[in-house]
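Per TrEMBL, the features are as follows:
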TRANSMEM  A:10-28  transmembrane segment
TRANSMEM  A:109-132  transmembrane segment
TRANSMEM  A:153-174  transmembrane segment
TRANSMEM  A:194-217  transmembrane segment
TRANSMEM  A:238-260  transmembrane segment
TRANSMEM  A:272-295  transmembrane segment
TRANSMEM  A:315-335  transmembrane segment
TRANSMEM  A:355-373  transmembrane segment
TRANSMEM  A:380-404  transmembrane segment
TRANSMEM  A:416-437  transmembrane segment
Amino acid sequence: MYTLPSKLKLFSIIIMVLGLVGMTYGFLTTPKTIEDVKEIMAAQEGHHSEGHEVAGDGEEHTANFVDTARGEEGYSENAMEHATDLKPEGHGVASHEEHLLHQLQTRPWSATLVAAFFFMMIALGVLVFYAIQFASQAGWSPVLYRIMEGITSYLLPGSIIVFLIVVFAGTHFFPWQNEELVAGDKILQGKAGYLNFPFFVIRGVIYLLGWNLYRYFSRKNSLAQAESNNYASYRKNFKASVFFLIFFLITEATMSWDWFMSMTPHWYSTLFPWYIFASMFVSAITVLALTTIHLKSLGLIPFVSDKHLHDLAKYMFAFSIFWTYLWFSQFMLIWYANIPEEVTYFIIRIQEYKLLFFGMLILNFVFPILVLMNSDYKRVPWFVVIAAVFILVGHYIDIFLLVMPSTVGHNWYFGIPEIAALLFFMGLFIFVVGTGLGKVSLRPKNDPFIKESENYHF
Amino acid sequence: MSSHYEAPIREPLVLGEKSYHDISVDVGAPILGKANKSWWIVFTIALVAFLWGLGCIIYTVSTGIGVWGLNKTIGWAWDITNFVWWVGIGHAGTLISAVLLLFRQKWRMAVNRSAEAMTIFAVVQAGLFPIIHMGRPWLAYWVLPIPNQFGSLWVNFNSPLLWDVFAISTYLSISLVFWWTGLLPDFAMIRDRTNSPFQKKIYGILSFGWSGRVKDWQRFEEVSLVLAGLATPLVLSVHTIVSFDFATSVVPGWHSTIYPPYFVAGAIFSGFAMVQTLLIIMRKVSHLESYITVLHIEYMNKVILLTGGIVTVAYAIEFFIGWYSGVPYENYTYLSFGAATGPYWWAFWALIICNFVVPLTLWVKKLRRNIVYTFFVALIINIGMWFERFDIIVVNVSKDRLTSSWAMFQPTFVDIGTFIGTIGFFFVLFLLYARTFPVIAQAEVKTILKSSGESFKRLRAEHGDD
């Protein structure tokens, strides 16, 4: 039996409290009126003579930088207008200050969503990995079932929080929820059949129900299997896993459209859902490996050997490459064709987030491929931990880049709201997962493949 | 590799009371025996089709591409459709030999040899089309970046068609090496078992003096793993690059970022369907029912279900984003209301029925374990995946941005004849292979006999696992 070490428990509570304070601070200190924004701008102008885009001087910078970049390439203004005018304020409708005010008010929301989704997707990704193990009748992984179940215990609180954020964020995230904007935008009117608030909420509820119900029943069956002397519960789990995977494949796509792609409602990419899935999956396996190493270091899982760790590290390695493959496919195809409607997505990310955008590739691809190539290293716990830290930081940045450029644009910082949200959700994750792991014995008994898994060599 | 213990719940992979010797005899039989009448009949038919196709190719090259049904709007039709179709079919072979090796799927051992052979023969067919669809195929060597007397005039590395050249040629060479490495112990087995001096000579050359020492086996396994590790990204990248031919363009319907993984999933889907088609016949005529069992067929059907499901979700995504984009041109793409009701409605519905509706029946366990039924579903999927490529290529360009250049495509007998010719050529190669190569990797099957063989599993059930 595992109990969350008291120091770790205390640590998680402390960072949760710190995070909560920081997040509150973030929400309370957003500017309330245009006057506040003007003050901020004046203050910043005092600090740097020519600094961040924020300090731009009204008139010339009202058109956002994308337009400027496009103008240089000779696109007509009309052609770019509908493609780049992604913010509710729009061209000429409101002033630069109003636009800025909105972005600054959005910042704590975005900071919270990034961290909240990052930890939720880990739990969800582990749940998918778990379902795949059942559906494929894996012989190596049953020893890890209880660990996976422990991690997925975060799914229920995590997914509810993310759901609440996206439902209550309103126009902070989703310009299509601004009725005035939709009234003046033909493209958004065309999408209203999908992008409307009631349907958006209903879809969110369906995702939550589907994912959490599978989590609940698979855990129940898995525990029942330990008490039984036939394989009835196992068979139920097998079936449930297959159907969950189908459900997930579909809802993951719509979830990505709803919660992320519709932040820039004019933009679209068909690969987008699968790209998010790759990020989710590799982070999840990484956390599974970290948790396994933690439990192993406490001596609680003698039946898990370094061969199992080797396999997990191989998955980290392979899915890092897979993520890069999808990242590159999406990026290269949009870069290559350079269609104005589509390139806006990458122009803002490259122009305003250059270091993060390309740095993420080093963390998510170059490091894992170099560190985890050697098969001996994949069995060395501290080595895997190093790779895991790279991967997790890299995929946090990935989610950051998914949200921030679409919501706060070039007014991004990595400051108190971002760090606080990260701390809070990390604390919550550690606490919930630690408690979840401690509920039952870590050795799944009576699974049909458990003996194969314990005898597993590679 | 993995431990010898196997959960009793797993079904056996080798049926009957087989010993190591039985495996050698069963695998060697088609090579050491004589071809029967039906082999000669089928071979003749394939040869005739091949020669007919060769005639069509010679006619095309000597007369001009105008003998095909292409027009100014639709510059790619059957040629590239067949190219993508054949490349796609080839992908299952590498998936079975490389990806399933990485996933330690023991069932791959009975099917990998034939799947790899299928890969190589399919890639050979695919490789014809990039050459013969050129207007001046005799200048094809200009696609290679070789120093020359034109002030060292080089190629432009920005074109996905050039990437195709590298992808396909690398793919063919790696697959060939991977396949041949695996064949060494099996050729050696034939060399040692044959009584004919001629065969002994030939298989002695083919097996490179394989003697099966411990050190050799150690390196053999390591090489297999490394090649599998290299072939897996290769198989993904090859069809990805094929998909780039379309996705990098600005043609509505072609320009879609999901193409890379979606084409790969489709390739595995169609490739496995072809493996099913071939192996269901082969296990019967070569008497290999003990090795290629119903379980193997069910597993392959499950892979078909998985990749078919992925492809279906990709169809749905394409369809949805086509609508969501709000771009009016998207209503004429291959997956749109416009396509479902337009002049190519039959191609649209052929795609939906063959690739989505019919494979759904495989969810029923009885049907996916039914060999005859599987055979027909696999055939239908092969047809459906041909239509998928036809739809992507022809439907999308038939109604592009300017209504004044809308057009329809009508194949000529040369288009059709060339395609039939490649099918003939494929079967000529495959039939020759089936008579001269060990069609099951006997050395590999012997490694799982004691853990997964039916009789050994029974022994363990009777006497305990340990």
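From the backbone N, Cα and C atoms, a Cβ is placed for every residue, glycine too.
Curation plays no part in TrEMBL annotations; they are all automatic predictions.
Of the recorded ranges A:10-28, A:109-132, A:194-217, A:238-260, A:380-404, the transmembrane segment (A:272-295) has the largest number of C-beta contacts under 8 angstroms with A:109-132.
Counted over residue pairs separated by six or more positions, the transmembrane segment (A:109-132) shares fewer than 3 Cβ pairs under 8 angstroms with the transmembrane segment (A:315-335), which leaves the two as not touching. Sequence-distant contacts of the transmembrane segment (A:238-260) (same chain, at least 6 residues past either end, Cβ-Cβ under 8 Å): 117, 127-128, 130-132, 134-135, 137, 162, 166, 194, 200, 203-204, 206-207, 210-211, 214, 217-218, 221, 272-274, 276-277, 280, 402-403, 406. Outside the transmembrane segment (A:194-217), and at least 6 residues removed from its termini, the chain residues within Cβ reach (under 8 Å) are 124, 127, 131, 152, 155-156, 159-160, 163, 166-167, 174, 176-177, 188, 236, 240-241, 244, 247-248, 251, 254-255, 257-258, 262, 265. Packing against the transmembrane segment (A:380-404) from elsewhere in the chain are residues 110, 113-115, 117-118, 121, 260, 263, 276, 279, 282-283, 286-287, 289-290, 293, 296-297, 306, 309, 312-313, 316, 320, 323, 349, 353, 356-357, 359-360, 362-364, 367-368, 371-372, 412, 418, 422: each is 6 or more residues past its ends and has a CB under 8 Å from a CB in it. For the transmembrane segment (A:153-174), same-chain residues at least 6 beyond its ends with a Cβ under 8 Å from one of its own Cβ atoms are 88, 102, 105-106, 109-110, 112-113, 116-117, 119-120, 122-124, 127, 195, 200-201, 204-205, 207-208, 211-212, 215, 258-259, 262-263, 265, 406-407, 425, 428-429, 432-433, 435-437.
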